[in-house]
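Below you'll find the structure, written out as C-alpha cells, and then a few comments.
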Amino acid sequence: MSGSDTSGSVHVDEHGHGKASSSYDGAGAPAPAPAPFQGHRKAGSGSSDVPFLLRSGGSGGDGLRRCLGLIDFVLRVAAFGPTLAAAISIGTSDERLSVFTNYFQFRARFDDFPAFEFFIVANAIAAGYMVLSLPFSAATIMSSKATGVKLLLLICDTIMVGLLTAAASAAAAMVYVAHEGNLRANWVPICLQFHGFCQRTSGAVIASFLAVFVLMVLIVMAAFTMPRRTHHTAS
C-alpha cells in the first residue's frame, strides 16, 4: 500500500513538474519587437524623400524661398539673351543705300547717334552682369539664409534697371524720329529707305525693354524673399 502511494505521489510530482516546466518555458520566451517602432522608422526615413526645394529646414518659408531662388536663376539666364541680342543688333545695323550709281551712296550707321552708342554699352554691361550674378543666385538656392547675397543682388538689379531704362528710352526716341521724322525741325523719316536699319534698331529696343521687365520682376521677388526682423516688446 505504501509503495503504491509513493509511486502515485511521484507520478503526481512528475506531472506537476512537467506543468511547471511548460509554464516556465512559455513565460521565458522572448517577446517580439513592438510594431510601432517599425512604423516610426518608416516615418522618419520618409523625410529624405522630400525634394530639396521643398524642405523647410526648421522654418516654414525656407522651401518657398528656395523655389523663388530657382526662378530667380532661370530669369537671369533668360534676361541674358535679350540684352546680348540688343547690343549685337544695334552694332550690326549699318546699312548703305545706293542712288542711281554706286558713286552716290547714303549710309545709316549706329555711331552717328550717341544714343545708340550708349545703348550698346548699357546692354553689354547688363549682359555681363547677368552672367556674373548667376553664381550668387545659385548660392541663394543652396542657402535660403544668405541675406547679404540677396541684398547685394537687389542693389545691383536696381542699378541695372535704371541703366537699361535710360538707354532703352534714349534709343526709343531715336527710333521714333527715324520712323516718323519731325516736321518742325525738318527731319524727314529715313525708315522709308533704310528698312534693315530701322528693323534692327526697333527690335533691339523691344528686347531691351523686355530685359528691363525681367529685372523688375527679379527686384520684386528679392524684396519678397528678404527676411524681415521681428521686434519683441518686453511685457
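Just so you know, glycine gets a Cβ as well, placed from its N, Cα and C.
Keep in mind that what you see is a predicted model, and the values were worked out from it rather than measured.
Lifted from Swiss-Prot, the feature list:
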type: TOPO_DOM; residues: 1-67; note: topological domain 'Cytoplasmic'
type: REGION; residues: 1-46; note: region 'Disordered'
type: TRANSMEM; residues: 68-88; note: transmembrane segment
type: TOPO_DOM; residues: 89-115; note: topological domain 'Extracellular'
type: TRANSMEM; residues: 116-136; note: transmembrane segment
type: TOPO_DOM; residues: 137-150; note: topological domain 'Cytoplasmic'
type: TRANSMEM; residues: 151-171; note: transmembrane segment
type: TOPO_DOM; residues: 172-203; note: topological domain 'Extracellular'
type: TRANSMEM; residues: 204-224; note: transmembrane segment
type: TOPO_DOM; residues: 225-235; note: topological domain 'Cytoplasmic'
Legend entry - Long-range environment of the transmembrane segment (151-171) - Cβ separation under 8 angstroms, sequence gap at least 6: 72, 83, 90, 115-116, 118-119, 121-123, 125-126, 129, 133, 136-137, 140, 201, 204-205, 208-209, 211-212, 215-216, 218-219, 222-223, 226
Inset, instruction - For the topological domain 'Cytoplasmic' (225-235), would you mind checking the mean pLDDT of the predicted model? - result: 58
Legend entry - Remote residues contacting the topological domain 'Extracellular' (172-203) - C-beta distance under 8 A, at least 6 residues beyond either end: 89-90, 92-95, 97, 106, 108, 110, 113, 115-116, 209
Inset, instruction - Kindly report the helix/strand/coil residue split of the topological domain 'Cytoplasmic' (137-150) according to DSSP, in that order. - result: 10 helix, 0 strand, 4 coil
